[in-house]
Ligand SMILES: CC(=O)N[C@H]1[C@@H](OP(=O)(O)OP(=O)(O)OC[C@H]2O[C@@H](n3ccc(=O)[nH]c3=O)[C@H](O)[C@@H]2O)O[C@H](CO)[C@@H](O)[C@@H]1O
Ligand SMILES: C=C(OP(=O)(O)O)C(=O)O
């Protein structure tokens, strides 16, 4: 989508109602695809969503010689790493800035080829997003890293060796870096202060199916005993709890009722507790979760984002839109990313009352306190929202703008909607199913 195709007209004021389905998690599927590089046999990944981040990784894997083809059932990919050694990666620069995933190719490529080139990373602009932990970890395994103008060049002069690592912060990507590197390293790796998000557990399941030996303690310690060889896997990706929560927030903000087929209670418990505190209703069954606004007033809350099992930061932005409709003052303390509240200025233009603060408001003191980052918000509600011209800043911020536009009176022009395809499969079709009044300028009402 480019030019005017990248603008969506949203006519607000209609509750979203109906059923949609979420498939495999954006934050697991690309990593499980990278894991296939470690195997000596083909792998089968099921429940793969058609989103941009998956397409990017598919392209990167193919560039590295992995054959990727559809499997027998819809949403199944077969990844065959047999010809990785003979791949020609001359075009890798074309993938610069495409997603966060290229950094996770380091371990698998170092094991297979002894070297790796990692182009500049993409991903959402919600903070500095340094990758220092990743490189510190890789050096500890025995890799050398050279910064070049167009990316990073890594070498493993000899087989990587298991090591003891303590992460300064339970970073998701760095934990995955350790897992994907340690499984084929010589000896044992002990990782403390690891991230334990459900997507990480699912990646561990994938690796165990391939032959890895990994144990996880309750105190954020993960131990990996390196093996000499891994096979392939057959795995159904866990559903996307982040997309599910986005639709749940949309139901609340538009006073709607959405059944999210595929949503799972286990990975969403913290979100569900918060949803209930705000006054949202939900009902869980074996196939999914129904989310709805039960009528009456929504309640204001104090909310702090955190690493799992805390309130996931990617849930924050869509829920903030619903909080603009809650009575009283809500406090939101974003402790994972330093700049994830900038999207609220557009909500204020629509009529919301959201004030940002540099202080750590709410429960704890985080890494960003006293450091000049506007990372706490006070949302005063309820406020009527009016349609506006909106420019999508990042993935979840973008979905939040869609929700706000759908909840608002009047018409909004939402620019940059293509970004939403990074993590929300067929979102236009889903909006249509839910009765949203949206149209591409010059095109039919969807
Ligand atoms: C593709 C993917 O899975 N993205 C998710 C992943 O991102 P990602 O893996 O990039 O996020 P991290 O958990 O690594 O980042 C958390 C915090 O650690 C900091 N940090 C991280 C690495 C590093 O080397 N140095 C450093 O300082 C970051 O700046 C951030 O403040 O986890 C995040 C936290 O749940 C989610 O919001 C993202 O949706
Ligand atoms: C921050 C996100 O993704 P990424 O890490 O891919 O930028 C997200 O999914 O909200």
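Cβ from N, Cα, C; glycine included.
Note: TrEMBL annotation is automatic and uncurated.
From the candidate list 80, 314, the residue TrEMBL records in the UDP-N-acetyl-alpha-D-glucosamine site shared with 100, 336 is 314. The UDP-N-acetyl-alpha-D-glucosamine site is set by 100, 314, 336; from the centre of their CB atoms, other residues of the chain with a CB within 8 Å are 27, 123, 124, 126, 172, 313, 337. Residues 100, 124, 314, taken from the recorded positions 100, 124, 314, 336, are distinguished by a CB atom under 6 angstroms from ligand 2.
In the three-state DSSP reading, residue 314 (UDP-N-acetyl-alpha-D-glucosamine binding site) counts as helix.
Here residue 27 (phosphoenolpyruvate binding site) comes close to 172, 197, 199, 240, 242, 314: these same-chain residues lie at least six apart in sequence, with C-beta atoms under 8 angstroms from its C-beta. The most densely surrounded of the recorded positions 124, 336, judged by C-beta neighbours within 10 angstroms, is 336. In this structure, 100 is the one among the binding-site residues 26, 100 with the smallest number of other Cβ atoms inside 10 Å of its Cβ. Between the C-alpha atoms of residue 336 (UDP-N-acetyl-alpha-D-glucosamine binding site) and residue 124 (2-(S-cysteinyl)pyruvic acid O-phosphothioketal), the distance comes to 13 Å.
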